[in-house]
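Undergrad: One structure coming up, written as structure tokens, with questions to follow.
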Amino acid sequence: MALRHFLTLRDLSTLELNRILERASELKKMQQSNKVYQPFVGKVLGMIFEKSSTRTRISFEAGINQFGGSAIFLSPRDTQLGRGEPIEDSARVISSMLDIVMIRTFGHDIVERFASYSKVPVINGLTDDHHPCQLLADLQTYIEHRGSIEGKTVAWIGDGNNMCNSYIEAAHMMGFKLKIASPKGYEPKPEFLAEFGHCVELFDNAEDAAVNADLIVTDVWASMGQEEEQKLREKAFANFQVNEKLMGLAHPDCLFMHCLPAHRGEEISETMLDHKNAVVWDEAENRLHAQKALMEFLLNENLKKA
């Protein structure tokens, strides 16, 4: 049996994805009832951060500790993948001392190359092209609040970035319609649209995408590494803010999500996080539970391989 990794949502079957989402909610209930569950005592998670993140570090580190394991944090100062030592060599050495690895970096090819030479499961904590762990949390959150997302309509408002790419994959796997509203020149990459165009519809304005939506999602206008484009992007995205007026075009029970951190007054209105249908705080917490379910799945699959 081949070693299992989680670099994109498509590394799972739809059945496996649904199983992980169900398990995430089970683990959440166990924690809320103060039930101690430590199946991975002695297991060590390596966390390689070339892009910093509060939520990613806390959720993974807390998750493996709650499982009875431990985590090692490696910052850009500790390891620079591909700079000084080939990624392939780093993967061989690092994975020989750990049980599972999470990488948050820039180029998606970095996690692919690392995984190719790793002896243990590798999780993509975020790359420029994909953010699959966030999709686990988003899907879990929607299901907890509204039930199955199959057949529903999701509106993505803003940049055709890594989050948007992962939503495109999720639409294909989970059977929902995805309406993407982006300024010209900021649409998702053609290769993602070419493969999953059957479940995606593009719009050049936010209002048309929001009509009858069951879920509206957005992200920052300028992601990490795009700070020099901030002013240019503010101008391009000025008409793509998610606010109360836009939510009024959607279904009355439409949920709102944002992976955070959010910039009030830019991609969202000043009060959007307090909207009655905003579930961003549940969404943020569910990173912990969804990633615990993912780690449990990957570690157990690796034990089967052994």
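Heads up, the Cβ atoms here are built off N, Cα and C, so glycines get one too.
I grabbed these lines from Swiss-Prot:
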BINDING   S53, T54, R55, T56, Q80, R104, H131, P132, C133, Q134, C259, L260, R287  carbamoyl phosphate binding site
BINDING   N162, D219, S223, M224  L-ornithine binding site
Undergrad: Measuring CA to CA, name the entry from the binding-site residues N162, D219, S223 that ends up nearest S53 (carbamoyl phosphate binding site).
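TA: Among N162, D219, S223, S223.
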Undergrad: Would you find the one among the binding-site residues S53, N162, S223 whose Cβ has the most company, meaning other Cβ atoms within 10 Å?
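TA: Result for the most crowded candidate: N162.
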Undergrad: List which of the binding-site residues N162, D219, S223 have their Cα within 10 Å of the Cα of H131 (carbamoyl phosphate binding site), in sequence order.
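TA: Of N162, D219, S223, within range: N162.
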Undergrad: Spatially, which candidate from the binding-site residues N162, D219, S223 is nearest to C133 (carbamoyl phosphate binding site), comparing Cα atoms?
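TA: Comparing Cα positions, the candidate nearest C133 (carbamoyl phosphate binding site) turns out to be N162.
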Undergrad: How would DSSP class H131 (carbamoyl phosphate binding site) in three states?
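TA: Reduced to three states, the DSSP call for H131 (carbamoyl phosphate binding site) is coil.
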Undergrad: How far is it from R55 (carbamoyl phosphate binding site) to S223 (L-ornithine binding site), counting Cα to Cα, in Å?
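TA: Each residue's Cα considered, R55 (carbamoyl phosphate binding site) and S223 (L-ornithine binding site) end up 15 Å apart.
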Undergrad: Over all shown protein chains, what is the count of other CB atoms within 10 A of the CB belonging to C259 (carbamoyl phosphate binding site)?
TA: 23
Undergrad: Given a separation of at least six residues and a C-beta threshold under 8 Å, show me what packs close to R287 (carbamoyl phosphate binding site) in the same chain.
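TA: Spatial neighbours, sequence-distant, of R287 (carbamoyl phosphate binding site): R55, T56, S59, C133, Q134, A137.
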Undergrad: How many whole Å apart are the CA atoms of D219 (L-ornithine binding site) and C259 (carbamoyl phosphate binding site)?
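TA: Cα of D219 (L-ornithine binding site) to Cα of C259 (carbamoyl phosphate binding site) measures 7 Å after rounding.
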Undergrad: H131 (carbamoyl phosphate binding site) has how many other Cβ neighbours within 10 Å of its own Cβ?
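TA: That number is 27.
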